[in-house]
Amino acid sequence: MSYSEICDKLIHILIKSKFMIKTFPFTLDSLPYAYDALEPVIDKETMEIHHDKHHQAYTDNLNKAAEANVELQTKGLEDLLGSGVPVVKNNAGGVWNHDFFWESMTTPGVSQIENSLKVEIEKAFASVEEFMSKFEAAAMGRFGSGWAWLVKNKVGGLEIMSTANQDNPLVDGLTPLLAIDVWEHAYYLKYKNKRVDYVKAWWQVVNWDKVEERLL
Ligand code: MN
């Protein structure tokens, strides 16, 4: 293994551990960019409310659940995603999924699908266009609130799926690579009822470098 491959592996372990080490008391990380960094695709006010109110509320509610049940206080955030207690599962998912979502985005137009990610996408979906079309269909087909995901399955292939509410593919042994939040709070201020316009515009802010990092 070359020096750069070893570095890539170490970076990957660190990225994964960022979520593993989140334990009680859970804290809300700052956005990895300014609130207006995703303009005009996602407006500043949506980002402020989404991060400071919604993501904060999931964090606070998960802490409240853990305060009431000491067994939860020694578990990592990922262990709580599959909890049989709805308030734990939903708020743990709310914390994890939004951490993941913020890091999946960057300034519009700066990132492209390249290298090994492009190869894997073409292997699974024949073309980038076909992948995007299937991902959009998953995002549009999710009735009510939830997420659409690109995941790596147990044998290393790529798949598209959607989950309801704050459910997370990790619970089914799948590795999330990319996700779009299709709860109305993610887009309603700017796009109103037009989820399709939000989903199609969203491609401009995807951080493909981050997606490729997660693939390693
Ligand atoms: Mn959300």
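Cβ coordinates are placed from backbone N, Cα and C, and glycine is handled just like the others.
According to TrEMBL, the features are:
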type    : residues             : note
DOMAIN  : 26-105               : domain 'Manganese/iron superoxide dismutase N-terminal'
BINDING : H50, H98, D181, H185 : Mn(2+) binding site
DOMAIN  : 115-214              : domain 'Manganese/iron superoxide dismutase C-terminal'
| remark: Using DSSP three-state counts, the residues of the domain 'Manganese/iron superoxide dismutase N-terminal' (26-105) come to 51 helix, 1 strand, 28 coil
| said: By the count of other Cβ atoms within 10 Å, pick out the sparsest of the binding-site residues H50, H185. | reply: H185
| Counting each residue once, how many in the domain 'Manganese/iron superoxide dismutase C-terminal' (115-214) are helix, strand and coil under DSSP? | 54 helix, 22 strand, 24 coil
| Distant-in-sequence Cβ neighbours of D181 (Mn(2+) binding site), under 8 Å, six or more positions away | H50, N97, H98, F101, W147
| query | To what whole number does the mean pLDDT across the domain 'Manganese/iron superoxide dismutase N-terminal' (26-105) round? | reply | 97
